[in-house]
């Protein structure tokens, strides 16, 4: 989230030229690496709120889980291009530099951020929670988790749907993307939409006396990534003239990586919005 926000602000202000794609990618990677400090801090603060004690485990997961999956997919796809002896393959030296950035800068910053987060006092719940969990009553059919999660992803996807076409065209049909100002506006709309849909569905859930909203709030807005991947498939069959198997695997591999990143981003926005919302409504509860 931090990486996207800072990169887009730089692009809108004109620091990053759209014609120099390498510059944009380099800036994104460098900002992502530096954001490790905030990632470690945020994860440790949240973990401490749940009275978690395995601080080493959460720090290692923050440092390695998402980048590990992303690097794994990227490495497999690059190995396929190497096998085809294509000039588009990323050189081994560049791969080594990426690993060096990850282990040399990102991981230590995550540990520093995590240390600072754990030093702070835990975030207190606004009201005391009952030790004995209440039984969740029978839910209406429209409050089924699978149904609400899939419905929740439609609106965030609808917010980025038009812009997605231009982004895919610029990536796969070698066209330049210039409208960063409009992209930034769409990003802001996406944040608001993810937060609103997650809060509304969380409110309905709490009204139905179902208090298990944590993961559901994450998946509600995060499910927009499913629609993103399905749209990528539609785009592949309607707009691209790709016949080679390796090219097809590359397209779906990179779109899977993009969808996974989108899932993590939108899910986090939805969860944070719900956490803020529940803390707000429960802090106004008067207990005599």
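Yeah, the Cβs are placed from backbone N, Cα and C, and that goes for glycine too.
As annotated by TrEMBL, transmembrane segment applies to 23-42, 63-83, 95-118, 147-173, 179-206, 218-237, 249-277.
Put simply, of 63-83, 95-118, 249-277, the stretch with the most CB pairs closer than 8 A to the transmembrane segment (179-206) is 249-277. Using a cut-off of 8 Å between Cβ atoms, the transmembrane segment (63-83) and the transmembrane segment (249-277) share at least three residue pairs, counting only pairs 6 or more apart in sequence. Long-range neighbours of the transmembrane segment (23-42) within the same chain, counting only residues 6 or more positions beyond its ends whose Cβ lies under 8 Å from a Cβ of the stretch, are 2-3, 6-7, 10-11, 16-17, 59, 62-63, 98, 101-102, 105-117. Packing against the transmembrane segment (218-237) from elsewhere in the chain are residues 148-150, 152-157, 160-161, 164-165, 168, 194-195, 197-198, 201-202, 248, 251-252, 255-256, 258-260, 262-264, 266-271: each is 6 or more residues past its ends and has a CB under 8 Å from a CB in it.
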